[in-house]
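Features of the protein shown, as given by TrEMBL:
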DOMAIN    207-306  domain 'Fe2OG dioxygenase'
REGION    161-180  region 'Disordered'
Amino acid sequence: MTFEQQVGAFMQSGKYAEAIACAEKGASEGDAWACFCLGDWKLVGQGMKRDVPGAVALLEKGAAQDHIQSLWRLYPLLLTGTGTPADPDRAKEIVEKIRDHDGLCAQQLLLLEQNPEPAEIVRENLASDPAVEVRRGVLSQAECHWIRMVAASQVQPSFVEDPRTGRRIPHPIRTSDGMSFGPAQEDLVINRINHRIARLSGTQYAAGEPLHILRYRPGQQYRPHFDALPNVTNQRIKTAILYLNADFEGGATTFPKLDLEIRVGEGDMLLFDNLDESGKQHEGSFHAGLPVDAGEKWIATRWIRAEKYHPWGEF
Ligand SMILES: O=C(O)CCC(=O)C(=O)O
Ligand SMILES: [Fe+2]
């Protein structure tokens, strides 16, 4: 029996400790699948403590044998510099290598080829204190479609933990469905978009939180809120919201204290400051996504911190 079969059999009968021991044995003998499997578990912290550099080392061992799943798991980590120094050129080489085995990889490469970086982007200032501006045509139609296509199967209702009971309850402010492109999911297309947002907002790529996708169906909304967070040192200084479609009714983004109601086109970006001069939450940055009346509204939000930010913390 291969290690894959043995680990699979242990997993199926609920013998997780034996499964891990078997994967460890396989990895120590250099079995590519076992390296991938154990690397994947270490990456997500499944059945063991998350160990990102350890995961990268194992995936590298699988990748050295041209093991497709290992390569596929490794390239987002190289793109985002997670557990290993960022190496976007190598990430792209990997995607090129596995393009014949993975339809999404082939499509990413095609999209990048057919959609060059946008030429000069016009800025429209809507407010100055806090700064609120719109940039037109930041994303191509194909990029908007890509994000929606990849996110569509992954969006889930937004939940928060009830501080009293610890149970998951529906998010009181945000009723839309969402997902985010975390460090192990950022593909070449999303990575290029995140770099573009950094360039246009004059911020560091590494300060951005994972690109967060929201889908609002009729009646769903984002009630008035601040994006700045309570009690954090690395604050959200700016927010970039990219609008992924325009064929819906209602759903405007509003800033009630600035008397602004914003409806822009597909691919346009709204960018605003969350903090005042003293670094505190700017009262004027209070904003909302009004309920959608008809159709679906799709947006991608990048909350941008003051400093480098990693959702998994330091490692
Ligand atoms: O949906 C909107 O228009 C607002 C979204 C928003 O406030 C956010 O993503 O932080
Ligand atoms: Fe917001």
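Cβ coordinates are placed from backbone N, Cα and C, and glycine is handled just like the others.
It should be emphasised that the depicted structure is a prediction, and the values quoted were computed from it without experimental measurement.
With DSSP classes pooled into helix, strand and coil, the tally for the domain 'Fe2OG dioxygenase' (207-306) is 4 helix, 51 strand, 45 coil. Under DSSP, residues within the region 'Disordered' (161-180) fall into helix, strand and coil as 0 helix, 9 strand, 11 coil.
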